[in-house]
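Here is the structure we will look at, set down as structure tokens.
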Ligand code: DX5
Ligand code: ZN
């Protein structure tokens with residue numbers, strides 16, 4: 001039996017013309033988290049949405065806003081995202097020079113601090129910050145777009161991070177994002193992931209309650 005996990009659907013694959021309805025549908029289907037992909041066209045080659053959209057959704061939703069900032073120098077905007085209602089703010093280690101300061105600032109503002117690592121970024125980029133973090137996001141595709149294929153070596157990275165967590169006696173969550181499907185769910189959970197982000201493999205298969213059940217059933221498939 002795999003331990004319980006959180007599914008955080010990535011709104012990037014939702015219908016952008018009906019965002020408030022999509023978020024309401026997630027809540028009605030029993031989801032607790034929603035993953036908000038913020039892209040600036042600089043750190044990644046795509047642009048999505050920012051604090052005003054998140055603030056508007058916040059007024060309509062009680063979901064846990066898991067906010068993934070794929071933006072250069074995120075320290076310029078962490079206060080705006082906290083103010084908009086982000087519960088968790090995740091910044092990329094590659095995007096900020098003073099990562100410790102940015103993480104401390106997120107915590108000071110009252111949000112849960114998290115750090116994301118691109119597939120090729122080694123775990124040592126975040127090793128000394130682990131006691132300060134609520135979550136580490138292991139990117140399992142190169143960020144920028146939904147619907148890409150899972151990069152296989154990232155499974156070892158999740159395993160290595162889980163080993164580091166054990167050896168340091170810590171309890172931060174491990175999130176995986178990119179190419180997550182029911183087919184790799186069990187392997188990711190077994191490697192040590194606690195939060196699975198899914199965009200295309202979730203929103204492409206309504207109704208959402210049934211899709212959540214599919215992920216839950218997949219968690220216990222033999223790997
Ligand atoms: C990628 C984003 C992901 C993306 C995942 O840059 O950070 O959250 O939406 O989409 P899928 O699940 O389709 O790979
Ligand atoms: Zn994401």
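Easy rule for this one: first residue shown is 1, then count along the chain.
Backbone N, Cα and C atoms are what each Cβ position is placed from, and that goes for glycine too.
Cross-referencing 177, 183, 194, 210 against the divalent metal cation binding annotation in TrEMBL, which names 35, 37, 68, picks out 177. For the substrate site, TrEMBL lists 68, 144, 145, 146, 147, 177, 178, 179, 199, 200; matching the candidates 10, 167 against that entry yields 10.
With a cut-off of under 6 Å between the Cβ and any atom of ligand 2, the recorded positions 37, 68, 146, 177 reduce to 37, 68, 177. In this structure the alpha carbons, written CA, of residue 177 (active site, proton donor) and residue 68 (divalent metal cation binding site) are 10 Å apart.
Distance between Cα atoms for residue 179 (substrate binding site) and residue 35 (divalent metal cation binding site): 14 Å, as a whole number. Highlighted in sequence order, 8, 10, 12, 36, 66, 90, 137, 197, 199 have their Cβ within 8 Å of the centre of the Cβ atoms of 35, 37, 68, 177, the residues recorded for divalent metal cation, and are not part of that set. Here residue 10 (substrate binding site) is positioned 4 angstrom away from residue 35 (divalent metal cation binding site), judged by their C-alpha atoms. The C-beta environment of residue 68 (divalent metal cation binding site), restricted to residues of the same chain at least 6 apart in sequence and closer than 8 Å, consists of 35, 36, 37, 38, 90, 116, 137, 177, 197.
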